[in-house]
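Peer 1: A single structure is presented below for examination.
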Amino acid sequence: MVKHSSSSSSEGDERYAMVDEKKRKRMISNRESARRSRMRREQHIKDLNCQITYFKTKNCEIAQKINSITKQSIDVVLENEVLMRMRDELRKKLESLEIVSSYVCMNRGDFPRHNSQPWLLSHQSVLLNY
């Protein structure tokens with residue numbers, strides 16, 4: 001029986017050794033898995049930081065383009081206002097010239113002819129009687 005008890009104690013030691021070996025392998029495997037997980041997380045954080053940098057740069061570029069286009073738009077609006085004022089002034093001058101021209105023609109007895117380009121007056125209507 002002593003043999004039996006010593007053999008069973010030997011079997012128990014082997015069993016504990018196998019359980020300890022499994023625990024040790026599992027612990028090593030878990031540590032490796034945790035290390036890989038940390039590495040993946042670190043790489044993911046690096047990738048996210050790269051994306052942040054890229055999108056910040058793109059955002060600045062877009063903001064600069066918006067500012068440039070806004071300035072161009074303001075310049076065009078201002079130029080358009082100037083041109084509209086000039087157009088209005090030229091229309092008023094043309095109306096005044098048409099009134100003066102019709103008055104001169106009426107006093108001379110000439111009837112003003114319809115001219116599609118009133119700014120191009122004929123030589124006869126330009127001559128004034130003094």
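Heads up, the Cβ atoms here are built off N, Cα and C, so glycines get one too.
Given the structure is predicted, the values throughout are model-derived calculations rather than measurements.
Sequence annotations record features per position, and here TrEMBL assigns region 'Disordered' to 1-42. What TrEMBL lists as compositional bias 'Low complexity' is 1-10. Annotated compositional bias 'Basic and acidic residues' per TrEMBL: 12-22, 32-42, in sequence order. The domain 'BZIP' annotation in TrEMBL covers 20-72.
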Peer 1: According to DSSP, how is the compositional bias 'Basic and acidic residues' (12-22) divided among helix, strand and coil residues?
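Peer 2: Secondary-structure breakdown of the compositional bias 'Basic and acidic residues' (12-22): 11 helix, 0 strand, 0 coil.
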Peer 1: Any idea what the model's mean pLDDT is for the domain 'BZIP' (20-72)?
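Peer 2: For the domain 'BZIP' (20-72), the model's average pLDDT rounds to 96.
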Peer 1: Please spell out the DSSP helix, strand and coil residue counts for the compositional bias 'Basic and acidic residues' (32-42).
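Peer 2: Looking at the compositional bias 'Basic and acidic residues' (32-42) with DSSP, the answer is 11 helix, 0 strand, 0 coil.
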